[in-house]
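S.K.: The following block contains the structure, expressed as structure tokens.
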Amino acid sequence: MAAQSQIWPEASQFIMKIAVGMPPTEVHAIFDTGSDLFWTQCLPCANCYRQTNPIYNPSKSSTFQTLSCKSPQCHLTGSGAACSSTDTCKYNYGYGSGLTQGELATEQMAVTSSSGAMTPFPGVVFGCGHNNTGTFNANEMGLIGFGRGAISFVSQIGPSVGGRKFSLCLMPTNTDPTISSSISIGTGSEVKGPGVITAQLVQISDPTYYSLTLTGISVGNTLVPYSTSGPPAKGNAVLDTGTPPTLLPKELYERLTAEVRRQIPSEPIGDTLCYKDNLGDLVMTLHFDGGVDLPLSTVQTFNQMPDGSFCFAAMGVDDDSALIGNSMMANFLVGYDIDNMTVSFKSTDCTKIG
């Protein structure tokens, strides 16, 4: 039976619930396949952002233990690990949108499914963050990394639940935040059955990322190739639940959006790629290496805004690589399997599986 936890939308991110310590503190952390470290805000604070729920206090937990500098796990966060005068492993972990600093420690953790089934995990390495800055809001108590790296939460607990694999179902961004979905980890989390689309992950130099080779995107029946100058690089597209929009190289984005404009029957609002209503029955398809095609409806390609309009869920960036953000994975049950290097997609109403 897979270990399960609840997950819900929060300000265009997704939050996973996890219990930390003994007695447990309930932590609500941003779920991120684009990084490895799990960290939470931690007393005493040198610089913590405002948080609604109580900040985790290691001095109140009987199972908290700082990592020694001599521990092999101390150096798994990459170049950011350092030693303190008391032989405590310090870390410094940066994101596109912020920074966390503190000490690495081990702690008793547990996840609980919506039906109340609890799975405990002793001795999980995490970041006790005393200095945390960035675009985090008061309901986001930290960030839980589910990347492929050795220190990620799934890599640490995978062996105890039958393998480094997990599946989750992200709801569309305008979903009522009181509706929760679930994440399953280990044996029993596999995405199976009719309609499953499976792609092979590509090993790239970065050990964290889930990378696929995106060869092109179709708008209706019109193919927009990834590159106009030869085949794209292997592993050129990363699946990242911690980034809301899909990011595409500018040159591809411009060719793609010209085709989207051409095929949508109504006029966009001003010079944006937002529409008041009628998007038609536009279907876009992501084409991955090996002849794997992933059809997307307007639920995945357009976000409904507070004013009721619909805006394209991608942006153009100065980069050769693409990033597939969380809004484009909405209403798919997505299974990630690190051991077999696959990712599987199954079209699902994610508001119905909490």
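Keep in mind that glycine also has a Cβ here, set from the backbone N, Cα and C atoms.
TrEMBL lists these features:
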{"type": "ACT_SITE", "residues": "D32", "note": "active site"}
{"type": "ACT_SITE", "residues": "D240", "note": "active site"}
{"type": "DOMAIN", "residues": "14-346", "note": "domain 'Peptidase A1'"}
S.K.: What whole-number Å value do you get for the CA-CA distance of D240 (active site) and D32 (active site)?
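M.R.: Roughly 7 Å, rounded to the nearest whole number.
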S.K.: Could you tell me which of these active-site residues, D32, D240, has the fewest other Cβ atoms within 10 Å of its Cβ?
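M.R.: Fewest other Cβ atoms within 10 Å, among the active-site residues D32, D240, is found for D240.
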S.K.: Please average pLDDT over the domain 'Peptidase A1' (14-346) for the predicted structure.
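M.R.: The average pLDDT of the model in the domain 'Peptidase A1' (14-346) works out to 93.
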